[in-house]
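To start, the structure under review is shown below, and the notes come after it.
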Amino acid sequence: MGNLKLGVDVVGAHNLLPKDGQGSSNAFVELFFDGQKFRTTIKEKDLNPVWNESFYFNIADPSNLHYLTLDAYIYNTIKATNSRNFLGKVSLTGTSFVPYSDAVVLHYPLEKRGIFSRVRGELGLKVYITDNPNIKSSNPLLATDVPEVDPGANALNMVSNSHAEKGGVRHTFHHLPNTNHQQKQQVPEPEIPHREHVPQHDHGPKYGIDHMKAEPHPTKLVRMYSAASSQPVEYALKETSPFLGGGRVVAGRVIRGDKTASTYDLVEQMHFLYVRVVKARELPAMDVSGSLDPYVEVKVGNYKGITKHFEKKQNPEWNQVFAFSRERMQASVLDVVVKDKDLVKDDFVGIVRFDVNEVPLRVPPDSPLAPEWYRLENKKGEKIKGELMLAVWIGTQADEAFPDAWHSDAAMPVDATPMVSALIRSKVYHAPRLWYVRVNVVEAQDLVPTEKNRFPDVYVKVQIGNQIMKTKTVQARGFNSLWNEDLLFVAAEPFEDHLILSVEDRVAPGKDEILGRVIIPLGSVEKRADDRIIHSRWFNLEKPIAVDVDQIKKEKFSSKIHLRVCLDGGYHVLDESTHYSSDLRPTAKQLWKPSIGVLELGILNAVGLHPMKTRDGRGTSDTYCVAKYGHKWVRTRTIVDNLCPKYNEQYTWEVFDPATVLTIGVFDNSQLGEKGANGNKDLKIGKVRIRISTLETGRVYTHTYPLLVLHPTGVKKMGELHLAIRFSCTSLVNMLFTYSRPLLPKMHYVRPFNVMQLDMLRHQAVTIVAARLGRAEPPLRKEVVEYMSDVDSHLWSMRKSKANFFRLMSVFSGLFAVGKWFGDICMWRNPITTVLVHVLFAMLVCFPELILPTIFLYMFLIGVWNFRYRPRYPPHMNTKISQAEAVYPDELDEEFDTFPTTRSPDVIRMRYDRLRSVAGRIQTVVGDVATQGERFQALLSWRDPRATAIFVTFCLVAALVLYVIPFQVVAGLAGFYMMRHPRFRHRLPSAPLNFFRRLPARTDSML
């Protein structure tokens, strides 16, 4: 690693500010890295200079590379005054340096040096790490010399050092032509020993994004965060620079390649051959009975889509759209065949052929292509009876026909039935609007028990759907009962279940008798959005002859029940884990605040997915993605039989609170073939969480996220998901004001729920949402909704307990560090620092009004200093923080165990003993904390009369002394005494500490 060097190719700049007073600039670039400084030549009178010069920096300590920064400054030189003007800068952190094989030329937008700087333009750099021994470091004296002037605008730009990377290809970049440059600038490829000569290609005078667009190479990795995340490189987040619909994404900004930008600017543009089969007329009869059962088969190469068939109909209507990916098409002919459904073999009716190269291109917002009638032909190409109405065009995923179309890249190269097509289609879902139902059971009167010789023990059972709750059991003396209990439920619009209340008498253990019942439709229940009082109502109880709701004999009698029932719209119904909430708005729409921004998500592709099933003797997967934010769920189309699927689908959400989380999950579709080991359950591959508050406004985040899943055998990487994310702020004032508002709606603080109620209600809400989304077409299955909602996040896990403990220790590590530092000050480990602290302490004692300003100024300076080291990427799942790297197999088995457990008694006994051991240590710590608190209480409780007398006397003396002596003097003496030199210290504990430890506690009263 002694030959490790940082290579920087300064390619060129574009659209610089004119600074020479004549509408141009004399630009040069200065590079700074680890105390080394290099400078390019000067390009006179050019706002689009091209240098194509290379420099190599020595890397002294490779382990410290991630903390170093490469700075590139562009200046305009002024010969008359021998001075220079600032044109812009680019700063790259060490985490973005990649090997030469992964390096590409990127054009970075120029940044300001200060608040009042005015810059524009871009600087093209190629930065890479190399350990080739043939490369020598650049001459460091170049940094102190006067910049060398380019001998001519049309002369060749010679590189300062030769490249020596094996197999590397140096790309030539050209600037836009202007009056100063009439010829194309070219850079000859230098000859390097032991390297094949690569011929130089002339790409013409293109700049930046056009050149990148023409390159066939895949998306390159430009940034890696393995050091910051302190976990293995394969588990780290990686920044990419893909070419999307809006242009090339570089450092979070989109560099547009042309004037036209698609609405789908966060995904790669994909072209599809669309075929709309509308209807047919006057089809010839094929059966003996004079009828036919027609259907249409659309075929391109190996891909074939089939419409549904109609029985005995010669003028059928289908109105179905097929989409064939141009990327996968292996044929240039489109065949649209009409066939007759038969028991043995389907009969050929007629065919319409299209040359794919002659199909027109349609780009929205153009109107949809009008379908036309086409005459059917027989197999010989002769016109026959019957016509077929078709529309055929080339479009992109921005086409309105895209979501409902049958997709060739989402189906196997075999016949696809309409039923299978429905299961692989992309879809947008809206979760039902959830309400909390508050039932206040006040009392019941005139109850008539079956047994007249005793007072009934009654309770009220309340039921909504599958949710059942009961009040406490009370004895009805005088045949009247009083409860005054609140019961809470979750209901979803539209209300399908009724509120059913039954008053039951506990006749014997395990035997209950219904005394009366009332059914209340939820649609008739009063709604409220605040804490106003709901008027109570009396309901007549009806006597049923059976427990079944459908078998009720409506027979009125005098028993009544007193209720307050309302739909509480002032709460936010939690239907997901509270740590990953995607929506915090209340149910009542009149309480909603205006949105603060728009969140755009581009689901690009997935790579390296782990096979989830076996088909034809090989591993494969049929994957789709689900994204959830607020009430809106989206599902991409299923890409069948592909371990590196390309989705390229874009979705948008309104954002109402930045403290929310977007969740994207990847699943394997198990509904297309035979049942596997897990039945028909869709298998989880992994998920990604993005917290909106961690995103910068307007920046495009393009990263590949590792799909990390915890299995019973340990953590496993199931592949990588490539996403493009952008958060756009529509109202900066509203967003800043949001940070001062409560996180949850007002009712959560006026009438809060306890923890047990919240857990129960959240479980009910997830069950209702899963049931409603499971009824959609295609359905979002229950296991998908539960995995996206983190329904099991509250269950016990030894691994999670360890992770939370270490998180807590990390939070207090700052306090521990301050305590250690103060201990070193008191022990005079560094005399100079200790003296300076004494001086600062004396100043603060003399001027106490400076204490708070000093603290806030110190925090301000820390914040400003940390700004340059701020995270440039969204946080992602970390295996080290999650304690998933070195977890024991038995702890994982315990985490994946069902509730209640299904393990053997011996395993349960071992785990119980382990839990008792951990709980015993926690019990000891809690007891020690309680002991210290009780000793403070004993100071004035006279539990120890002598100790309390000493303390009371000390308090009297201290009051007199502090009254006479100024507080500043006392504080100064106390501070200097605490920081006294070790020569004046004793190794034994101090007298106040000895006194405190002798105070009594309540441990003597413990059994």
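Heads up, the Cβ atoms here are built off N, Cα and C, so glycines get one too.
So that you can see what the record holds, here are the features copied from TrEMBL:
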type     : residues : note
DOMAIN   : 1-108    : domain 'C2'
DOMAIN   : 254-374  : domain 'C2'
DOMAIN   : 414-539  : domain 'C2'
DOMAIN   : 580-705  : domain 'C2'
TRANSMEM : 805-823  : transmembrane segment
TRANSMEM : 835-865  : transmembrane segment
TRANSMEM : 949-977  : transmembrane segment
Take the transmembrane segment (835-865) and find every residue of the same chain, 6 or more past its ends, with a Cβ under 8 Å from one of its Cβ atoms.
825, 968, 971-972, 975-976, 979
Compute the average pLDDT of the predicted model within the domain 'C2' (1-108).
87
Please list, for the domain 'C2' (1-108), how many residues fall into helix, strand and coil according to DSSP.
12 helix, 58 strand, 38 coil
Run through the domain 'C2' (580-705) and tell me, per DSSP, how many residues are helix, strand and coil.
7 helix, 65 strand, 54 coil
